[in-house]
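Q: I have a structure I would like to understand better, so I am pasting it below and will then ask my questions one at a time.
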Amino acid sequence: LTGVLDDCLCDIESIDDFNTFKIFPKIQKLQERDYFRYYKVNLKRPCPFWADDGHCSIKDCHVEPCPESKIPVGIKAGSSNKYSKAANNSKELEDCEQANKLGAVNSTLSNQSKEAFIDWARYDDSQDHFCELDDERSPDAQYVDLLLNPERYTGYKGPSAWRVWNSIYEENCFKPRSVYRPLNPLASSRGGDDGESFYTWLEGLCLEKRVFYKLISGLHASINLHLCANYLLEETWGKPRWGPNVKEFTRRFDPIETKGEGPRRLKNLYFLYLIELRALSKVAPYFERSVVDLYTGNGHEDAESKALLLDIFRDTKSFHMHFDEKSMFAGDKKGAKSLKEEFRLHFKNISRIMDCVGCDKCRLWGKLQTQGLGTALKILFSEKEIQSLPENSPSKGFQLTRQEIVALVNAFGRLSTSIRELQNFKVLLQQTR
């Protein structure tokens, strides 16, 4: 996989070097900090598009939530109730039942972090989003420690998983029903076409609609890469061993096994990386203001987190082959506004489809990465508002909630990890030949 990407002037080798030596080590550190490791999510929202299949019954997907009686009052309070430190101290947080089952989502929280959540809520504000957001006040919404719940292979596959992706591509990528996505096992037989009519159709689209498809394909490729890189290799005496699965990687991305489709998917991963990288460079002025804190209540840690984030922004600005988003929605004002709104509604629909994922761990990471990409799009379409932000007063015209910030950083961290894992698979493939 080499050369220049379509629809931009950037080559794959430059992204590999930039990611490996500059971005990846720093984004890994940032994701470990308290502000970025806790994500509030509702894993119980019903699927709005079809009758619920019932949640994934295999143990890999299982979630062992803490009973509500054991969640500290400071977390349950949210922004609507008065936070009572005394009430928190009157009961120590009891240990929740350990979620030992394979891949279980661990929603337990450390004592030192529980006080921060009520204060984080004060920094949140609602906006017009590209994503369908969870209601954080819902009794079903819970904080999840992302470090205790890494994205990895869970065994969730088959018709249920395919229906989710099929719905995303077939209903939400601006495409006519007569044009089939390549290698879609749910589509009816297409004879010997091999999907070429799809790419003929895609090349005939305007830039914005091509970009939309590539973003979704890139997200799909990235998620598949995570599953291949963090695969359950064996489970001996109840102790799972996780690692890269070359055979699974080959099945999903090899040019021969995928009839030439695999490399296209991986190129779309690089394209998505460029889009989110561009968003990070564009949103830097928002965070550079002194009024913006990554607030957890621990002043020293908050200052270190912000310094590290600003350091990453400096790196993103130094990259010399950014995607030029000015080429998008650049037609007549009325047409551009209409197309942008259509773009937003399509993407919002995709974020709702994530509530149809039957595996809770897959749903968690699907929702987070979709929200991260939605936040990146919101940033790219808000450049004027970001540039005109006041230095020493609350934001007007552009605002990011804590949920959006956490999703943006972790979603880009996932893409950075994907590209790093791709380098690892290249080495492993050479060793097996």
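Yeah, the Cβs are placed from backbone N, Cα and C, and that goes for glycine too.
Found this in TrEMBL, in case it helps:
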DISULFID  Cys56-Cys61  disulfide bond
BINDING   Arg152, Thr154, Trp165, Ser217, His220, Arg252  FAD binding site
DISULFID  Cys359-Cys362  disulfide bond
ACT_SITE  Cys359  active site, nucleophile
ACT_SITE  Cys362  active site
Q: Rounded to whole angstrom, what's the largest C-alpha distance between any two of Arg152, Thr154, Trp165, Ser217, His220, Arg252, listed as binding FAD?
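A: The FAD-binding residues span at most 21 Å between Cα atoms.
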Q: Which chain-mates of Ser217 (FAD binding site) that are at least 6 residues away have a CB under 8 A from its CB, listed by sequence?
A: Arg264, Arg265, Asn268
Q: Please report how many Å separate the Cα atom of His220 (FAD binding site) from that of Cys362 (disulfide bond), as a whole number.
A: 12
Q: How long is the line from the C-alpha of Arg252 (FAD binding site) to the C-alpha of Cys362 (disulfide bond), rounded to the nearest angstrom?
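A: Taking the Cα atoms only, Arg252 (FAD binding site) lies 18 Å from Cys362 (disulfide bond).
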Q: Of all the binding-site residues given, namely Arg152, Thr154, Trp165, which is spatially nearest to Cys359 (disulfide bond) at the Cα level?
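A: Of the binding-site residues Arg152, Thr154, Trp165, Thr154 has its Cα closest to that of Cys359 (disulfide bond).
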